[in-house]
Every structure is written in structure tokens, then in C-alpha cells.
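I have placed the structure first, in the form of C-alpha cells, so that the comments after it can refer back to it.
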Number of protein chains: 2
Amino acid sequence: MKSDIEIAQAAEMLPISRIAAKVGLGEEMLEYYGKYKAKVDTLALRDRPRKGRLILVTAINPTPAGEGKTTTSVGLADALTLLGKKTVLALREPSLGPVFGVKGGAAGGGYAQVVPMEDINLHFTGDFHAIGAANNLLAAMLDNHIQQGNALDIDVRRITWKRCVDMNDRQLRNIVCGLGGKVNGVPREDGFDITVASEIMAVLCLASDLMDLKTRLGRMVVAYNRAGAPVYCSDLKAQGAMTALLKDAIRPNLVQTLEHTPAFIHGGPFANIAHGCNSVSATDAALKLGDYVVTEAGFGADLGAEKFLDIKCRAAGLSPDAVVIVATVRALKHHGGCPKTELGKENLEALARGLPNLLRHVENITKVYGLPAVVAINKFESDTDAEVRMIREACGRYGVRVALSEVWGKGGAGGVELGEEVLRILEEGEKHFRFAYASELTLKEKIESVARKIYGADGVDYAPAADKELQRLTELGYGTLPVCMAKTQYSLSDDAAKLGAPEGFRITVQKAKVSAGAGFVVVLTGDIMTMPGLPKVPAAENIDVDENGKITGLF
Amino acid sequence: MKSDIEIAQAAEMLPISRIAAKVGLGEEMLEYYGKYKAKVDTLALRDRPRKGRLILVTAINPTPAGEGKTTTSVGLADALTLLGKKTVLALREPSLGPVFGVKGGAAGGGYAQVVPMEDINLHFTGDFHAIGAANNLLAAMLDNHIQQGNALDIDVRRITWKRCVDMNDRQLRNIVCGLGGKVNGVPREDGFDITVASEIMAVLCLASDLMDLKTRLGRMVVAYNRAGAPVYCSDLKAQGAMTALLKDAIRPNLVQTLEHTPAFIHGGPFANIAHGCNSVSATDAALKLGDYVVTEAGFGADLGAEKFLDIKCRAAGLSPDAVVIVATVRALKHHGGCPKTELGKENLEALARGLPNLLRHVENITKVYGLPAVVAINKFESDTDAEVRMIREACGRYGVRVALSEVWGKGGAGGVELGEEVLRILEEGEKHFRFAYASELTLKEKIESVARKIYGADGVDYAPAADKELQRLTELGYGTLPVCMAKTQYSLSDDAAKLGAPEGFRITVQKAKVSAGAGFVVVLTGDIMTMPGLPKVPAAENIDVDENGKITGLF
């Protein structure tokens, strides 16, 4: 079996102008980045209607066994193309940092990938670099303001804006900066986040256009003054220059799948402290250009789909027409307590114990959100007929059908069954889309709604600091914002060890903070890592390039 | 009078494919970055001869009055094009950070600019971002190595590799990182440089191809172990992944002047701790494609031209065929002690006192390096005939002619006199190029050669630390490398206050360090700032962008 990068490098890509032409995008609407990447001028699309049907791909709670959500999304788009449908894919951009750690690439896998794979995983069109520059310009202007006299009376102990770098670099998590005496800044505690954790990433992904982007950047809270009042980005007059830095980054990037389906790969916010899905501008463009749009949300449905629906759809006036919930037999057996070394053997007992995780997500999508769903089993050779039958029967009790997907090994052809099921529910499924909570509820009522309806919790407890901060944010006028839940992705609860579909638990909110530019209140149920580290042997050690520029060791 | 950005935005650019076609570059050798920027595939040029004549533009020691070296370079290239010569420009890329400080843009001025000006001054084709990522990957791998057990026994007090960011951010000059306990790294002193100060920038600019780049990266010294032996980048196995990050960055960027002369804008190392000129790959490509190549070196001729000649030309087998030395009447009067407010009035006494600065550089270029030279007076309206006549007469005593340049206000047409003088010395001038020192000399002998021959110093003194380090570097085998002098750009001496052509002074070497990847020993005659700060009112506050993406406030 070839590796992902070998398959990607063997692919014959079409010039991106030909991919663009498939959806009616002319040369004048493209900015080329090499032969196989382009940014699309969305201004030219402004007055077009959103005509496409939106298909959201989400998943069970992630496990070490893997579910293959991105791969399934790519394969489904290729399958729909095979079935004669004008389909556009809209996915997130991978972060550069994790490529050098353990994660490797993030552009699908096997025969269901987006290409050029190396470019997408490295600098791509420079969006993340632009976000990093805008983030760090704001940080430099903030510290310069303090150094030059601190007219805004910023409390150096309450600066919420951090610098960022697109690298897994634990050494920068906690630092003291501004050392070295009078001409070298004001000493204070600080730290770096990885670039994708910057609020600017969330802002870029939710902004409807360049002016909305500037407005959102201006209203970001960067610190509090000594009287406790928020200091905004606009107080530092930074939003104009930051928007100038982001003027190209806000335009969606067009690439292609291995089977030449047009793919927007644009934006990649965290799925815990942010909303975890690709940009509104890309989804909007895809819906204006394609008849069918396949998109993906981060982590499992409790985090990714919840935020896609309650945050992104609310902000952008979207609603999906169908939802695909990806699972694997192996991952469900893991949820049922099967040890990792035994996942390749039939184990109906473990599967039966793990199935409720899938069923909870199925129920959430269909009952809470009122959306038609189909379950996609990302098929492994070791899966037995009896195991697949058990999943089909269980899902059937919720009126949801199951399709096998073999896109990793077979590309679009391996996704035809899934594609047909999706088309069927788009025709027959009933859609009564509603949010998990109304905007008018209080922040605590919103948190309780998500915890009870989506996680299945009995209730929510608040640490004193969280309680106080939610109160303060409400007083500051942020009470009408949606909540962005930061929670472990491994469990429906806030305890990573509680697999399957736990019951009889409560959620504990530890902290809260506002992302005023993005337009949500982040609610943290534990410590969320916003700067990863490298492993003992970083993937970077095996990455290389030959004299012709051909890269090896990316996977 | 329109501002630079207004002139640039009013320009009608040609598609970059048409600019490329002027010098015989076909579509297959271009990677487009939008419509007006492209990277050139230099692999396809590998076996071509360097056929062009190389014209180096340098200057007197910089003053607050300004000399307009980049503007003169752009205008000269346009003038040569007007004169029917197939000309290619090869300049440095501006750094992003200073654009937001006081400096503004750095792509020429008035009617002698390279465009698209906003792109060139902001992210351009992402080269600096790629350098920053490679730099910070190495830093992360280094600290991760220590965190994971420190098998190389790295002395955390002797880590020479710093992180970088392309921003003016004094707050990051001196930091303590790795705080927060066991899982968050090892506490140590650290600091950030601005990206252009990274050794990787110098390496990228001196590398002949991708494999040379990888070799140079691998041999960079990043720290010393507890026994005092160097730890190399290759010990951390980082050079492959770093080269992968830089595989596009090493390719020269093609843009155009306002008058459609092809221009490579590529690489921009510091002119103090590094060699301060555009990449070898760009100069090489320009010489293979054009009949006449105009290039520029940083700061004044004592720093920029010296390093261009003794470092870049030595490393890349280049030698210029003509040298243009830029001066202004105003700047020469400043060197002669004229106060800034009086520079607009005729003052032959101040000019006579300042002229020796120009004449010392003229003498260095013609006598020390054996190269034909012409002096370009970047003309201001306030310059009087008597002042210009005085310069002409003084230069004439060295057999060097003076040409007036009015390219800022008139574009190429304002540079025809200069262009004709350059063509004349290319025909008539005698070239006996030699370096200021031979590679076989000791490091101290090389330093003394530059100090005596170029600066006019009586000798060199060494601080104990410098003395010891030069000895140690020689023992480590770095004694055969050229020296890269880090000195104030404002004076021929190491004292910024000594204007004109000082005599009877000695140079004091404070520190030395090796840039083993770049291939030179940096010799510091004082504290060199490798991380600038923002001013009281940063230029960023006035930069803005409208709903169509049009940027204002860049200058």
C-alpha cells in the first residue's frame, strides 16, 4: 500500500483554472498561487443566491482508533461527483505546527485526499502566516502602548491578548517578557498560543466580508484597564493595519480532490476554544457555486456539530440539509471498552457497549436539531458482517440508515453507497432545523441547554471564578452571545475517561472568557491546551526534500 | 505631489507573464502568485551561462537626509531599458515589521518603484514567513530535545539559536521561557530577533540551490554542549524539514517596475550581522536572463558594498562590471556638519567638509576593489549648480564622473544621464577586481584589512571576549571564512557621531560569532539591534483598507 504522500504525488492534477471552470468561475475571479491553487474573489459572488444543498459531516467522539472524518468528507464529495452531481467540498486548512509533531498531514487519506497535499500541509496560500502577523502586530502595538506611557492605563496583569506562532512549542507556553531594562519593554507574564488558537482565526472564519472582518477585529478585547474596563483592539488603532494584513487571507482557497472535485480549503479554528469549522466565506462561496456542498466540523458531534449549528449557522444564516455521522466499528468497540490490541477481532459485546455513543449523536442531530442524518461506517477489512448488521439495526430504531464507506482505499467509487444515501435523505428526509438554544437565554441557560440536551448531563456546576466572570461578561453586554464550549473531545462528558454514552454526570465550568470579535463566550470545562508540544521523536526528523523539491516523510 | 502608494496604485501593471516573456521566461518556468507576481523555476536555468553585465548600486554613509539608493537603482534600470538595453533589476525584499513602525515601504519611491507595492511590502510571496517558520521549527526542536532528556548535553546557558518574528517588538528582546513546571519546558533566558536577522535569511540568500541550502542549514551552530563543543542543526535532524519549508522561498520572485522593467525582489538579510544584499539565486537568474543587471547593497559602501564584494561575490563567483555610488547634496552637507533645517540652502563650505565621505567610498571602489565607478547625485530642487559643480570637480580628480539622477520625479527618463554614464564605463572603464582580503589570512588579519583599507582606521583593538572567541572559532576551523563586519552604518568608523571621512581612529571589536551556515564570522564593533521597536505613533495606526481591498497609509 502506498503512503498518502505517494498517492498524492502520483496524482495528475488539473490546472486550477479548469477546476474553477467546472463551477463557472472565470479567470478574472481567480488569483493564482502556483498552478494548482487559487484564491477566489468573493466580492464578485456577493449578489448571487446560495443555491446548493449543504451536507455536514461529523462523527462520534474521537478515539485513538480513528474515525476518518476528513477522508469520508473528501470521498463523499467525489462520490457525489461520480453520481453526476455538481459538488463542492469545503474543509478546514491544516495547521503547520502539528505537521512536525505526531499528527502529520490533514488533507484526507488514501485515495480520498485534497491536493497538492504538501502545499496544503505546509504554507499553502499563507493564510495562517497572515493571521500570525496580524495577531503579533496587535501584541506589539499593545506592549508598545504601555512602553510609550500607557495612556489607556492597561493593567499589565490583565492582558488577555497573547502572541502566537504556528509551531508546536511548549517552551513558549509560559514566559516572562519585557526584561532587560527601560528601553526593552515592561516586564510581565505572557505566553504564546499556536496560531490556530488566535481569536483572529475565529474572526476570519466568521466574517462575512472585509469590512465585517475589520469591525470584528476592532471589537476584540485585548486587556482590561486598572479600573476593570475592557480595552479593545480599536483603542490601539490596530484594526486597519490588521485588516490590510488579512485582505487576501479572507478569500477562500480553491484546490481539488484526487478525482478533481473542486475543494475550498479555508480557515481552521480550534474546535474547543473556537468553533472548529471552515470559513463562512468558503461555505458561502461553495453554496453559490455548487449544487451540493460537503463540509466538516471538528472533533465529535458534541463539540464540532454543536458549534457548527449553534454558532456558525446562527451567525451566517446557514442550515444543513443533511448530516453524515462517521463512525468505525473499531472506534465503537473502543468506546465499549475493547483494548486497542483486540480491535481487529469481532467483538459484538464491546460493540454493543460502545454503540450508545453513536446513537446519542444520532439522536442529537435528528431530535435536538431536527436534521435528517445518515451514519457512515468508515470500513476496515477486519469489520465483520455481524458487527455492521448490529450498527444498522440500532440506527434503524432511530429511523437512520447506515452506509458503508470505502473511500480510503477506493476513492469516490468507495463512497457511492454513502452518496446515494445522502441523496436519498436530501429527497425524503424531513428537516425542521432549530438551534439547541435561543440567543435570548442567559449565558448559564445556554450552557445548561448544551450540557443537558447534547451531552446528556444532569446539570452544570460553576467554579467561583467562572461564576463571577459569566456575571461580569453579562454586565458588559455579552450575555446575548452564543456559548463556545471548550471540553475534552474524547467523551460526551467533561471527563475524557468516560467513554460510550455516559449518564448521571454533571459538567463543571472552570472558566469563561469572551471572544468579542468572533462573537461568542468561551466556556471552559477544564484546562484546554492552546500550545501543543513536540513528541520524543518529532515527525520533522523524517521530513526531507530532494534536489527537485520533492518532499518525503509527510504522511 | 502624489504619495508613493498613490503613484503605485495608479500604475498600469502588465501581467507578469508578459514581463517574464521579455527575458525569455516561458509560462512553464513560472509559478504565479496572483497576476503580478511569480516565482521562477531556477532549476531550468541551471546550465545557462551568466551573460549579463552586473551593475552594483551603493552609497555614501546614510544620513537622516536620505540618499535614495533603492529609488536610484529602480530608476537606473528603467533608464537602461529606455536606452534599449535588456535590463533586469535584482533587489532585496522589504521586511514586514518595519512597515508598521517608522520606515514605511521599501520598494523605491516616486516614479521609480517596483510594483505591486503593497504586496511587496506586506506578505509578498511568503518568503519571510517561510524563513520564520523554519527558524522557529529549529528552536522548537532544540528545546524539545532538552525537554525529552537532552541526549546532546546542550548547555542551556549557551544556546545561540533564537526564535524570530517579523515584527518590531521590543518586548520580546529579552525573555525567560520554559516556565510553568515540568511539562512546560526547561526555564532559560532567551530572546527573539526580527526574522530578517535570522541566519536562515543569510543562508537562503547565499545558497546556490536547494541541496546547498540543506547543507548550509545542517551546519549552522545552534548551541554549545557542556563540554564547549558546537551543537549543529544537523544534530537535531532538523535540516530536512526546514528545507522542505523553504523549497519555494529559495526561488526568486519576479515583479516589475512602474515602467515594466523585469525585477527580481528576493531575500533581505541585515547589512550588519549579515551581508545585506539580495539572493545569489536572484542575481544569478538575472545575469542569465538580462544583458544588464542592476543590483543594490545595504547601507553605505563601507558596509554594503564591502560585504557584497568580499562575501557574496566570493561565495557565488560574481564580480560587478560597474559600481554606482549614490549621494545627495543634502546628505553630503549633513556630513559636513550642516544642521538639518539648513540643508535646503546653498552651503559650499559644509559640502566641502562632507565631500570626503563620498571620496573615500569612491577611492575604495576604484583603488581597493579595482572597479570602474560613477557617482549618481540624487537631485533635489534645492541643489545649486555650484554645489553640483564642486562634486563633479572633486570626483574628477579620481577619474570618476558624476551624473545627475531625477528618477524620483521623472522615472526612467530622469535617469538617462546616469544610464549613459554607466554604459560608458562598462565600455571604457578598466576593471581589475580584487577582494579587500584573501581567504587565507587569519580572522584578525581580515578584520584589520577591512578596517584599514575600507574604513581608514589606524588599527583594531579587541575586547577580551572577542579576542577569546576569535581564537576559539579559529580552533574550530572557521578561520578561513570571510568576516562580516557589524558596525554603525552612519560613520566610516565605529562611532556614529564621526561624520565625513574621519581619520586617526581605531576600531574596537566587542564580540564575534560564527554564522557557519551562511559561511562567515560576524565581527561586532558594538551592540547591534536585532529586534527593532515601534515608535510612539506606529505607522500601523494610519494603515487601512477599504471594502474593495484597497490599502491606504502605506508610504
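Each Cβ is built from the backbone N, Cα and C atoms, and glycine gets one as well.
In TrEMBL, annotation is done automatically, which means it is predicted and not curated.
Remember, predicted model here, so these are calculated numbers, not experimental data.
These features come from TrEMBL:
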- B:T63, B:P64, B:A65, B:G66, B:E67, B:G68, B:K69, B:T70: ATP binding site (BINDING)
Completion exercise
Out of B:P64, B:G66, B:G68, the listed binding-site residues, fewest other Cβ atoms within 10 Å surround the Cβ of B:P64
Exercise for the section: Ten-angstrom check, please: count other Cβ atoms within 10 Å of the Cβ of B:T70 (ATP binding site), all chains counted. Expected result: 24
Fill in the blank from the handout: Within 10 angstroms of the C-beta of B:K69 (ATP binding site), the count of other C-beta atoms across all shown chains comes to 27
Completion exercise
Sequence-ordered list of residues in the chain of B:E67 (ATP binding site) that lie 6 or more positions away and have a Cβ within less than 8 Å of its Cβ, or none, is B:A59, B:I60, B:V326, B:A327, B:T328, B:A331, B:N378
Practice task
Check each residue in the chain of B:T63 (ATP binding site) that is at least six apart in sequence and keep those whose C-beta is under 8 Å from its C-beta; list them in sequence order.
Solution key: B:A331, B:H334, B:H335, B:Y490, B:L499
